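S.K.: Pasting the relevant annotations from TrEMBL:
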- 12-29: transmembrane segment (TRANSMEM)
- 41-59: transmembrane segment (TRANSMEM)
- 88-112: transmembrane segment (TRANSMEM)
- 118-136: transmembrane segment (TRANSMEM)
- 145-165: transmembrane segment (TRANSMEM)
- 185-206: transmembrane segment (TRANSMEM)
- 218-242: transmembrane segment (TRANSMEM)
- 268-288: transmembrane segment (TRANSMEM)
- 295-316: transmembrane segment (TRANSMEM)
- 336-357: transmembrane segment (TRANSMEM)
């Protein structure tokens, strides 16, 4: 079905890490909700993501050459399958709009406050639509080039921030209630870790399928380590109080970096690479959304739809989250975990049960 572009398992790993890591350090809601106990939610969410990956890969092994669109129809029937994919399409659109709006708000509040928001938002959607139009192979090659540079930049910043830390920022532990830890873990699993579901549309396009499991697991674990490290460095450098009240706590920590007496504003370099990582999330979400549209309407090609779809999402994004970061943070913590639950968790569980039942019926 659709585009026949292929990527290597290494490129898949790069894409997964890029996709999960970009947005994760923007608001750092875990710190705002749990303070020094934020690491617990990251640990539980990472384990949840690995479990979800295991479910997706088990199903994928039964249908090695099919994407989630195709094997869903085989497992639950045509009309239920299409219903599931409509929910999945909405989920991808939601990710596109949320990513673009959050990045736009960040730039218009923290970097260039005098620039109208629609300028950034439109530019992001133009880049996203063009990259998705070029296809999976191009997206994979771009990630293979950009990610190493971003990792080098962010690692250098993290090392410099670490030099400012004198005590263990995760002490004292267990200051939050079990209910708070459970809900924040659920929220962290929902965003960013359950977003791994979109790769159910990509696994079949990987050349060396034997390495898919290994590279995907490594990418998720590394994303969890990165998120954990960012949390540790943020609390350790600016303190738990500032980390909780600042809108962008990790970038507040990065802004403290100095090299000697002359080199300041080193965070601009890191923000540039981080922006690329965030945009990759929108690119992959739009790419998968277009594949989903192609399946739902049995279209031979969707290249002509990229620009109209991007413009539609741009318009919706501009009218969404009108209170800026406050609206996005509230949505991420109170609404998104529930709206994402069906496409990212319930549908995979239903497909897993049907896969097991059909496998047993064949014996």
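In case you wondered, yes, glycine gets a Cβ from its N, Cα and C as well.
Any TrEMBL annotation is an automated prediction that lacks curation.
Computed from a predicted structure; not experimentally measured.
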S.K.: Counting only CB pairs under 8 A, let me know which of 12-29, 41-59, 295-316, 336-357 has the most with the transmembrane segment (145-165).
M.R.: 12-29
S.K.: Is the transmembrane segment (88-112) packed against any residues at least 6 beyond its ends, judged by a Cβ distance under 8 Å, and which are they?
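M.R.: Same-chain residues near the transmembrane segment (88-112) but 6 or more away: 23, 26-27, 68, 120-121, 124-125, 128, 195, 197-198, 247-248, 251, 271, 275, 278-279, 281-282, 285-286, 288-289, 292-293, 296, 313-314, 316-317, 320-321, 324-325, 328, 331-332, 336, 339-340, 343-344, 347.
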S.K.: Of the stretches 12-29, 185-206, 218-242, 295-316, 336-357, which racks up the most C-beta pairs under 8 Å with the transmembrane segment (41-59)?
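M.R.: The stretch with the most close Cβ contacts to the transmembrane segment (41-59) is 185-206.
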S.K.: Can you tell me which of 118-136, 185-206, 218-242 gets the most C-beta pairs within less than 8 Å of the transmembrane segment (12-29)?
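M.R.: Between the stretches 118-136, 185-206, 218-242, 218-242 has the largest tally.
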S.K.: Checking distant contacts: for the transmembrane segment (185-206), what same-chain residues at least six beyond its ends satisfy Cβ-Cβ under 8 A?
M.R.: 5-9, 12, 15-16, 19-21, 23-24, 29-30, 33, 40-42, 44-46, 48-49, 52-53, 56-57, 59-60, 63-69, 88, 91-92, 95, 136, 212, 216, 220, 223-224, 227, 281, 284-285, 288, 291-292, 332-333, 336-337, 340-341, 343-345, 348
